[in-house]
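See below for the structure under consideration.
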Amino acid sequence: MSEQEIWKKVLEVAESEISKSTFNTFLKDTELKEIRDNVAIIFVIHEFYAEWLNSNYKEVIQTIMKDVIGYEVEPKFFTAEQLAELDETSRKSNTPSEPQRQIIEYGHEGTDQFNTHNTFDTFVIGPGNRFPHAASLAVAEAPAQAYNPLFIYGGVGLGKTHLMHAIGHHVLSNQPNAKVLYTSSEKFTNDFIKSIRNNEPEAFREKYRNIDVLLIDDIQFIQNKEQTQEEFFHTFNELHQNKKQIVISSDRPPKEIAKLEDRLRSRFEWGLIVDITPPDYETRMAILQKKIEEENLEIPAEALNYIANQIQSNIRELEGALTRLLAYSKLQGRPITTELAAEALKDIIQVPKSKKITIQDIQKVVGHYYNVRIEDFSAKKRTKSIAYPRQIAMYLSRELTDFSLPKIGEEFGGRDHTTVIHAHEKIAKDIKADTIFKQEVEDLEKEIRNQ
């Protein structure tokens, strides 16, 4: 399929999945320019649109594109000016080189691999991130001397990647010749597969082991990848033994990553584990105020207060809401007020806004109720005190989430989907037979929904 055909199909699906006003405003006039190095380069007409789409709809478009073309690419939105800069950079760097040199050099790009905005100076500190910020700064000041590894976990859009970029900037500012590599577990996996396919194991190891600081994002995605875990285990060991700093991020703590080898889990726990929680009201207001100061804008405090009260989930959505309001005000030619903010954000604010339930949420509530540790839900233990709560958690996972049977099984230690079906049938039968137990399960369900 041509880029035009691919994008036509993507837009058809997107139009059915998002609100009409959002689609018409932000996506309707976009254009897929090309797919380059697993990155889909997409043209938009306005810088506000590029920023807003990159912040709010990147994952949606990524999922749709995978369904359309059969493999995963990362969508990135650019204006005409940004595309021109991108093409100029590409032309300057487009010199022939041997494949293995490409693998080695990719990633050792100094500060170019980091978002220029993501520094410690621009990080807004609040109760939910004060400790992770302090730990990250300590690591950046003295790599491999303070905490090694540093493991940062928390939900999407809370600032994990910002802190990792800030560490990279700070290290290179103090040590310009340091070799700092920022990557994701998915990129690590893809490079590993490529090295096997091209018979270039030494080039791969040179890239990932001949460095001073490794910053690896979203480590949870190496679960179920046995060979990748094996390779990362040896990479981790070599870096740690040579006193090189390792910083890891995840959406959950090591003990809750299903199908992660115990030897890797224990190494992740060698250093310091810190968690980032959603920002409180004061932090949300500070983030918005800092953003408008950076952009040299004036927005009424009442409008900022409205955004801070309505968007409570994460920083990415908070900044995305502000970007959307600015774009809406400019396009409508109207001054920003609380009323305009409510109008601009009506598609992304749901009242009441219900939190999407995860399997981890269910395991935490059930585990607390029955005194079962989170890791025991994934363990092979079959004692009734663990096995029965595990079945209850599986039952609730089917009832309260949209996850597939295999995905639920995966989150319970890689169990087969038939095990999930059996657990659901057994608990459903017990609920019918025992009114006290039925009330117990209903109470658990209420607690999960009200978290």
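Here the Cβ of each residue, glycine as well, is placed from N, Cα and C on the backbone.
Pulled from Swiss-Prot:
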REGION    1-71  region 'Domain I, interacts with DnaA modulators'
REGION    71-112  region 'Domain II'
REGION    113-329  region 'Domain III, AAA+ region'
BINDING   G157, G159, K160, T161  ATP binding site
REGION    330-451  region 'Domain IV, binds dsDNA'
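Mean pLDDT, taken over the region 'Domain III, AAA+ region' (113-329), works out to 91 on the 0 to 100 scale. Sequence-distant contacts (6 or more apart, same chain, Cβ under 8 Å) of T161 (ATP binding site) comprise N118, D217, S249. Across the region 'Domain I, interacts with DnaA modulators' (1-71), DSSP classifies residues as 45 helix, 11 strand, 15 coil. Proximity of G157 (ATP binding site) to non-local residues of its own chain (separation of 6 or more, Cβ distance below 8 Å) is seen for S313, N314, I315, R316, E317, given in sequence order. Residues of the region 'Domain IV, binds dsDNA' (330-451) grouped by DSSP class, helix first, strand second and coil last, total 82 helix, 0 strand, 40 coil. Each residue in G154, V156, L158, H162, L163, S249, I276, N314, I315, R316 lies on the same chain as G157, G159, K160, T161 and has a C-beta within 8 Å of the C-beta centroid of that ATP site, without being one of the site residues.
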